[in-house]
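Feature list (source: Swiss-Prot):
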ACT_SITE  Asp11  active site
ACT_SITE  Asp130  active site
Amino acid sequence: MLAKRIIPCLDVKAGRVVKGVNFIGLQDIGDPVEIAALYNQAGADEIVFLDITATYEERKTIVDVVEKTASKVFIPLTVGGGISTVKDIYTLLRAGADKVSLNSAAVKNPLFIQEGAEHFGSQCIVVAIDARKVEEDKWHVYVNGGRTDTGIDAVHWAKQVAELGAGEILLTSMDADGTKDGYNLRLTDIISANVSIPVIASGGCGSANHIVEVFAHTSVNAALAASIFHYGECTVQEVKQKLQYAGIEVRI
């Protein structure tokens, strides 16, 4: 069995790490380069760096911040935000990203996923799915930083991105995001059961127990969290120890 991964997330706006509730109400947390370096030392398995307003403001991800972050981080770094062309992917991989996260551009042009996978390999292509509940056991895909309802069924889209060559799905429950009430287990379970590629659970983590819970009750491969780590509520190692006690395999 593959070890489960713990992934701190750096949501970056104007070159600073921020954290908000339900995608709004953003608070400044600090410098992305310093924070990424701390998580690298703390035993994180990977880091996700999301330039959260890049797509909405129609500007490119801050490549220099990516370069500086990548120079301090020796674990896989996934970068997302404003990526809409193969050239964008190339630029970020060259800047030091190991993977790129596609969202709005992939929904607009699903063949972009295939194009990215063919050029750089599926292992480089993560598709981020921001999903919001519309009725019982039904979720829609949202784009543009969670501002626009596409009307696309999230389960159907997850299957499609896997078929198009994505190597991984970063699944965020917009209903849970920032609430610290725990991951959306129902959404996460349904999506991870419907695809054969790895799924990263995101949105709602408020404690180490929530991470234990998402691995115990769904087949996700990784858990992403921000505020519990940013605010020092628990460390990556504390989470991993809890997972070990629960019989869940992690890299210590």
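In case you wondered, yes, glycine gets a Cβ from its N, Cα and C as well.
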**Prompt:** Per 10 Å Cβ neighbour count, which of the active-site residues Asp11, Asp130 ranks highest?
**Reply:** Asp130
**Euclidean distance between Cα atoms of Asp130 (active site) and Asp11 (active site), Å** = 14
